[in-house]
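Participant: Below you'll find the structure I mean.
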Amino acid sequence: MMECSVCHSKLVSPTTKTVSKAYDRHRSKISSKYRALNVLLVVGDCMLVGLQPILVFMSKVDGSFKFSPISVNFLTEVAKVLFAIVMLFFQARHQKVGEKPLLSVSTFVQAARNNVLLAVPAFLYAINNYLKFTMQLYFNPATVKMLSNLKVLVIAVLLKFIMRRRFSIIQWEALALLLIGISVNQMRSLPEGTSALGLPVATSAYVYTLIFVTVPSMASVFNEYALKSQFETSIYLQNLFLYGYGAIFNFLAILVTVIIKGPSSFDILQGHSKATMFLIFNNAAQGILSSFFFKYADTILKKYSSTVATIFTGIASAALFGHTLTINFVLGISIVFISMHQFFSNLSKVKDEPQNGTLEMMDAQNNHKLKDSSFINMAAGANDDASHRVGPDERQPLLPT
């Protein structure tokens, strides 16, 4: 309950149900063209995410990379920075009269101070983008895509403890089904008798998988928190800071590589091909779409959207590289889609707290009683006026004559 600062009356505080209804009413007013655009964005995200492991696999020569993966990440961040600058100029030219100018120095400095938290996900993304190439050395593209779905569970735990998100029991069960589906697909995905970095394949693969799952999950949650905490800031200005930090971190990694391997490794275009150019474009477009998901939707929806790309990745890798679609892959995909349907089902929505519902019922009953009492008082007053007899004193004029 809240108390009004003016009349000191008791009011029911807004609940998640009230906010949800307001959001549903807002969505119902959205035009069909805007909904179609959202569908195209989701489909585009699924295609980009599905193409990424395939492009990485096509970039390998004799089972290894002839280019530096850090250079690909750096060029990707530079491409995203250029896109953010172009869109920022475009948005500034279409500003309404009276709005705060986006290109002013004061606006830029203030936004940079308010969005300094974006440096954290930028650093984590720099690590994750390098791990994407490392994972390709031990798993085929479809398995890499399936392993990345493990991030959903880690993200759910981080959202619960960091952003205080609530999940129902059915939704937690859906996440458990997701883990089962991934485990079914992962069975016998590692070739026996091979090794890497002097460690058994199983051990090194599990270590990389653990880092591959936790680091981007933390980056996604921090990214969503940073973008939504400064919701009034232009998303293109926020992307400029995020991608700028990412370019700086990747450039520092290039300098470290130069110190270790020598000046010859400073050539960031060495070993690149048409496949790597497509990979850079794909990574840049995927990162730009992800920022819209994190600011205007949520991380869980983004990861479940990426899950749909698993089918595309599996079929494309089988058609292009001859990878077989095993029964484990088919069963794993089926369980993953059952999990996704269960998580977003209306039956799995979090119920409102009983206290809030009780308060709303009490408030409605009190309003009903107030209406009844006011009606009774009006009726009683009308009867008194009708039955009142005028006395001799009341016939005297109120003003002297």
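Backbone N, Cα and C define each Cβ position, glycine as well.
Below are the features I grabbed from TrEMBL:
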TRANSMEM  36-58  transmembrane segment
TRANSMEM  70-90  transmembrane segment
TRANSMEM  102-126  transmembrane segment
TRANSMEM  146-162  transmembrane segment
TRANSMEM  169-185  transmembrane segment
TRANSMEM  205-227  transmembrane segment
TRANSMEM  239-260  transmembrane segment
TRANSMEM  275-297  transmembrane segment
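Have a look at these and tell me how they're positioned relative to everything else.
Facilitator: Residues 115, 117-118, 120-121, 124-125, 127-128, 131-132, 134-135, 138-139, 147-148, 150-151, 154-155, 158-159, 162-163, 190, 199, 235, 238, 242, 290-291, 294-295, 298-299, 302-303 of the same chain, all 6+ positions outside the transmembrane segment (205-227), place their C-beta atoms under 8 angstroms from a C-beta of that stretch.
Tertiary neighbourhood of the transmembrane segment (239-260): same-chain residues 68, 70-71, 73-74, 77-78, 80-81, 83-85, 88, 111-112, 115, 118-119, 121-123, 125-126, 129-130, 223, 266, 268, 287-288, 291, selected by CB-CB distance under 8 Å and a gap of 6+ residues from either end.
Counting only same-chain residues 6+ beyond the ends of the transmembrane segment (275-297), those with a CB under 8 A from a CB of the stretch are 41, 44-45, 48-49, 51-52, 55-56, 58-59, 67, 72-73, 75-76, 79-80, 83, 125, 129, 220, 223-224, 227-228, 231, 235, 238-239, 242-243, 305.
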Participant: Cβ under 8 Å, sequence separation of at least 6 from the ends of the transmembrane segment (102-126): give me the contacting residues as numbers and ranges.
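Facilitator: Answer is 73, 88-89, 91-92, 95, 215-216, 218-220, 222-223, 225-227, 229-230, 233-234, 237-238, 241-243, 245-246, 249-250, 253, 287.
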